[in-house]
Amino acid sequence: MVFTVSCSKMSSIVDRDDSSIFDGLVEEDDKDKAKRVSRNKSEKKRRDQFNVLIKELGSMLPGNARKMDKSTVLQKSIDFLRKHKEITAQSDASEIRQDWKPTFLSNEEFTQLMLEALDGFFLAIMTDGSIIYVSESVTSLLEHLPSDLVDQSVFNFIPEGEHSEVYKILSTHLLESDSLTPEYLKSKNQLEFCCHMLRGTIDPKEPSTYEYVRFIGNFKSLNSVPTSAHNGFEGTIQRTHRPSYEDRVCFVATVRLATPQFIKEMCTVEEPNEEFTSRHSLEWKFLFLDHRAPPIIGYLPFEVLGTSGYDYYHVDDLENLAKCHEHLMQYGKGKSCYYRFLTKGQQWIWLQTHYYITYHQWNSRPEFIVCTHTVVSYAEVRAERRRELGIEESLPDAAADKSQDSGSDNRINTVSLKEALERFDHSPTPSASSRSSRKSSHTAVSDPSSTPTKIPTDTSTPPRQHLPAHEKMAQRRSSFSSQSMNSQSVGPSLTQPVISQAANLPVPQGMSQFQFSAQLGAMQHLKDQLEQRTRMIEANIHRQQEELRKIQEQLQMVHGQGLQMFLQQSNPGLNFGSVQLSSGNSSNIQQLTPINMQGQVVPTNQIQSGMNAGHIGTSQHLIQQQSLQSTSTQQSQQSVMSGHSQQTSLASQTQSTLTAPLYNTMVISQPAPGSMVQIPSSMPQNSTQSATVTTFTQDRQIRFSQGQQLVTKLVTAPVACGAVMVPSTMLMGQVVTAYPTFATQQQQAQTLSVTQQQPQQQQPQQQQPQQQQPQQQQQSSQEQQLPSVPQPSQAQLTQSPQQFLQTSRLLHGNPSTQLILSAAFPLQQSTFPPSHHQQHQSQQQQQLSRHRTDSLTDPSKVQPQ
């Protein structure tokens, strides 16, 4: 019993121990599991952080185009850190001592400030005098661009009297190879001398001016200088110079002005096209200045408000600025010239301003002027000034070596035809980029990225000749006009050379397919331009040929035409106008004998004999007789009837009196542009009445007896009364008309008809007094039917004998005038036989004494219009 109890106790104890052990094991497993979970979490977090750091480190390494594993990233990081440690050690050796350089300034800024404070610039010269480097600060001191000095000899800028001394200094102070030590910055090899240097000018024709300067420097060997201390200096040396010297020794000096400049031009432009805005009053006082101005000019807005802009301008630019401002006041907007503005740091910066005037919105009065100022470099200013002076300045060959490697200089602007033509003209010689960077290059000794951007090429390469734009256009037009005479072949002749050159143009080494396709596109554009110009030239040629054909037709029409000379006396002076006859039968023209003007009968033979023989006395008597007879006959109106009639539509003007022709000119007092003069060319042989001129009002018409005739219609154009025109036999197509004397007659039409007939049978002089009485009665009856006409004064109708005397002397005394008259008139002297001529000469006095009413007919036969 007891054993049984004990056994049960023991079994219960064992069961309890097993359960406790199991529970303990379960607890331990739970603890281990929790530890593992926490450990895994921490490990995952650590791995994630490590991967993030590796990824970030890989992104900072160069050449991370492809995905790198962790070991590669770590290896490159180690290499970079090792190289950085070496560079840092070398930089510490060349670092400017901190005891005299402010900590907030970099080496680059400190060097620039030191050069400005010393009024100096850096210059690197080879032992033979070739300049291989010059700093930008030379512009503010000597007004030279760095590109003007680089690759030039220093002796070109030194007076001839100092050449020998400077050459001796450069050639005798050479460093030996054993003396080159790492302590090259020390002054044991320092060289110092003084000389004169040439100042730069905008106009090369100005007289030379030299500045006294001091050279302080050392001879340095580039082989002993650490690469990090080159500062990009090696990259600035021309490639043509690099193999030219074996020892790589040059003289690096600081050039200082002996006389310091207190105000200098700012030689560098940190950012291209920097600009700021300001507002000015009409008196040019500052009213507003934006936030971009202080970093450029140094002034805060409150420092300049209320001050005049002219206080900050250079004295040499005031005159040009005043002209620009006057232009602004006249036109309301404009652009100024380049001018210098004084900054707060006492430096001159070059600006160009675009301005316009704003007006008040209510009263439209000028309110203020808005200006936008742009900072420009001295290189742009000098180039613009030289273009104004007519000096062609070639573009600086900036970065020529780099452009040769990259092939970027072979690109053709597909928009500009001019540049494409220049490319084809100068295809063997590569050119530099047309636009160089305006970013300032600094002169520091530790920044390898600060290198100049304007380095010219070797001087052995001949520069491209630049012609003015108008000369290029003239040459191009002349070449086009010479080739366009053959319109059938001008197109192929212009385009085939371009196409063949495009086909044979090799692809330069290093040029991409895109660049070559750009060239082909430019050539195609050039071809289209040439074809379009060819079509325009062909159209111009066709138009000119058509005009030439019309001119030839007009010349044929006027060729061989005869001329008639008429003289009108409307004032005491003589006025002449041109009269032209159309081509017709010359025999009919030569048969015209008498001329009836204002009732006067003057035979043509008398005029011809008076012109050829020079009977001055007879001519004077003839003019006096004609004037007296004209005065007596102006009191009546007359009409003429014959077998055939001719009508002309010109309104009358009674002050006009035609006398015998002396010149081949005629003046018709008529302001109306639609007036016409009709002159018959032939007359019947057997006519019993002589035609006269009858003057009516504008609602009447005149009828004349005519035979077969040839009429020329001449459209007249008004000119001044004093104009005299003597047309030639080839180019005659107008009649010059003079304005009438009185304004009341300017709106009236005028009718004038001149007929020529064969001479009638002359009547004895004794019968004329007997016929005067019936003729006067007939005239009085005719005046009752016709309207009254105002009578001219005796002074207007009388021709001065002295004028006729001078005219006769002019005709008979000048052989060239007789030659011109003989060439202008197709009438031949053989037409009038000598006997017939003498017969008319003997009857001259009888014809002068006749009254103009001998040929009057019955007034009832006149048919009014």
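Even glycines carry a Cβ here, placed using N, Cα and C.
What Swiss-Prot says about this protein:
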type	residues	note
DOMAIN	34-84	domain 'bHLH'
MOD_RES	Ser38	phosphoserine
SITE	Arg39	site 'Interaction with E-box DNA'
MOD_RES	Ser42	phosphoserine
SITE	Glu43	site 'Interaction with E-box DNA'
SITE	Arg47	site 'Interaction with E-box DNA'
CROSSLNK	Lys67	SUMO1 cross-link
SITE	His84	site 'Important for interaction with BMAL1'
DOMAIN	262-332	domain 'PAS 2'
MOD_RES	Ser408	phosphoserine
MOD_RES	Ser427	phosphoserine
MOD_RES	Ser431	phosphoserine
MOD_RES	Thr451	phosphothreonine
MOD_RES	Thr461	phosphothreonine
REGION	514-564	region 'Implicated in the circadian rhythmicity'
CROSSLNK	Lys861	SUMO1 cross-link
The domain 'bHLH' (34-84), counted residue by residue under DSSP: helix, strand, coil: 42 helix, 0 strand, 9 coil
Integer Cα-Cα distance in angstrom, Glu43 (site 'Interaction with E-box DNA') to Lys67 (SUMO1 cross-link): 24
Spatially closest candidate among Arg47, Lys67, His84, the listed recorded positions, to Ser38 (phosphoserine) (Cα to Cα): Arg47
Residue from Arg39, Ser42, Arg47, Lys67 whose C-alpha is spatially nearest that of His84 (site 'Important for interaction with BMAL1'), among the recorded positions: Lys67
Rounded Cα separation (Å) that holds between Lys67 (SUMO1 cross-link) and Arg47 (site 'Interaction with E-box DNA'): 19
Glu43 (site 'Interaction with E-box DNA'), number of other Cβ atoms within 10 Å: 10
Cα-Cα distance linking Arg39 (site 'Interaction with E-box DNA') and Arg47 (site 'Interaction with E-box DNA'), given in Å to the nearest integer: 12
DSSP helix/strand/coil residue counts for the region 'Implicated in the circadian rhythmicity' (514-564): 45 helix, 0 strand, 6 coil
Per-region confidence, the domain 'bHLH' (34-84) (mean pLDDT, whole number): 85
DSSP residue counts for the domain 'PAS 2' (262-332), split into helix, strand and coil: 29 helix, 15 strand, 27 coil
